[in-house]
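I have placed the structure first, in the form of structure tokens, so that the comments after it can refer back to it.
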Amino acid sequence: MITLRKLPIALAVAAGVLSTQAMAVDFHGYARSGIGWTASGGEQQCFQTTGAQSKYRLGNECETYAELKLGQELWKEGDKSFYLDTNVAYSVSQRDDWESTDPAFREANVQGKNLIESLPGSTIWAGKRFYQRHDVHMIDFYYWDISGPGAGLETIDLGFGKLSVAATRNSESGGSSAWIDNQRENAKYTINNVYDVRLAGLETNPGGSLELGVDYGRADTQEGYSLAPNASKDGVMLTAEHTQSLMGGFNKFVVQYATDSMTSYNTGHSQGTSVNNNGHLLRVIDHGAINLAEKWDMMYVALYQDIDLDNNNGNTWYSVGVRPMYKWTPIMSTLLEAGYDNVKSQHTGERNGQYKLTLAQQWQAGDSIWSRPAIRVFATYANWDEKWGYSDTTGVAQDGTIGTNSRGKNNEVTFGAQFEAWW
């Protein structure tokens, strides 16, 4: 029993322990928000080529978005540890003061490091997780991303490289059916499992390394349920990525090939219940960020992606862009982003094209093109000519703007201010 005399001491010790634990909580995240206008009137418009899977993002983001991550090392003994990581994401239209939205629970996982004596340096994990994602920042395009609920063992040291294995899951609405009480009933959802194997850190040349990956995705129906007869069911995605240190930064060269269920989402997620994604995908990307001179940095990307589908509803996407940055002082810079997208329809043979230019004056926490937080004012000009779009009723590509999501031919100017931060 704690006497009254000892109570203040006990409370002080407890407060100290709780304070230490509170200080150990890691707070990380990403956020962006701002305000913008369109020269012809109204709120800021954003510009993305019909058929392209992303857009050049500088001065071309029309939403408030945030990811708030809380994590803590829950236990540590020597080099062994358990770490809890969570992430809640929000996205709203940034039109009003009060904008309510349901948050997306993106991550909740525990990672155990060095728990397997025979595999020093490895990490075992389970839960929802952003898993080893690969992206092109300037177009916000995640080309290798199997994130979701899952489990795995990563960074197994083989001597010549690091091996990682994982299984993750996502679902499709409906997708399968069964005879129940003498009638056909559709499932509310059908899950897709992805099995991922990666070998990273393969030294190829001075300053260069190679990462190889295989992803197999398959629809997994409930007992008694079956997919449509012509559903893609499963597919494979192969990835090879070479990373080279270059001019104070890096260059990444990526080649990916995918089949059937792995073609429609084409970042690593599977859609095996679909009847419209049998075919194959080939993607080649070269992107990076370099230091050109004492006061100059630059991001760049060149992308080719061909989705050849059996139903003739695929497309071929070309994209090229640069974002040079001139640093007036260690905390103030000017950026120019120039990007061009062109998408050819497999069905119609027609093309959609757009070029987009953004000039931004920026104040950032440091003199790197990656320095954040940043506050920027910007002006954007976009010019597009679209010959085809996807039908509003069937989803099949067709010529013209009537009854499709084609934007036709036009141009526009927008301007505004935005902050962006990661921490």
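Cβ atoms here come from the backbone N, Cα and C positions, even for glycine.
The shown structure was predicted, so the numbers you read here are calculated from the model rather than taken from an experiment.
Annotated features in Swiss-Prot:
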| type | residues | note |
| --- | --- | --- |
| SIGNAL | 1-24 | signal peptide |
| SITE | Tyr30 | site 'Greasy slide, important in sugar transport' |
| SITE | Tyr65 | site 'Greasy slide, important in sugar transport' |
| SITE | Trp98 | site 'Greasy slide, important in sugar transport' |
| SITE | Tyr142 | site 'Important in sugar transport' |
| SITE | Phe250 | site 'Greasy slide, important in sugar transport' |
| SITE | Trp370 | site 'Greasy slide, important in sugar transport' |
| SITE | Trp422 | site 'Greasy slide, important in sugar transport' |
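Features per Swiss-Prot, on structure.
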residue : record                                            : DSSP class
Tyr30   : site 'Greasy slide, important in sugar transport' : strand
Tyr65   : site 'Greasy slide, important in sugar transport' : strand
Trp98   : site 'Greasy slide, important in sugar transport' : coil
Tyr142  : site 'Important in sugar transport'               : strand
Phe250  : site 'Greasy slide, important in sugar transport' : strand
Trp370  : site 'Greasy slide, important in sugar transport' : coil
Trp422  : site 'Greasy slide, important in sugar transport' : strand
Taking just the CA atoms, what is the gap between Tyr142 (site 'Important in sugar transport') and Tyr30 (site 'Greasy slide, important in sugar transport') in Å?
16
For the recorded sites listed (Tyr30, Trp98, Trp422), most other Cβ atoms within 10 Å of the Cβ sits at Tyr30
Between Trp98 (site 'Greasy slide, important in sugar transport') and Trp370 (site 'Greasy slide, important in sugar transport'), the C-alpha gap once rounded to whole angstrom:
31
Comparing the Cα of Tyr30 (site 'Greasy slide, important in sugar transport') with the Cα atoms of the recorded sites Phe250, Trp370, Trp422, the shortest distance belongs to Trp422
Let me know how many other Cβ atoms fall within 10 Å of the Cβ of Tyr65 (site 'Greasy slide, important in sugar transport').
15
CB contacts for Tyr142 (site 'Important in sugar transport') [other CB atoms within 10 A, all chains]
15
Spatially, which candidate from the recorded sites Tyr65, Phe250, Trp422 is nearest to Trp370 (site 'Greasy slide, important in sugar transport'), comparing Cα atoms?
Trp422
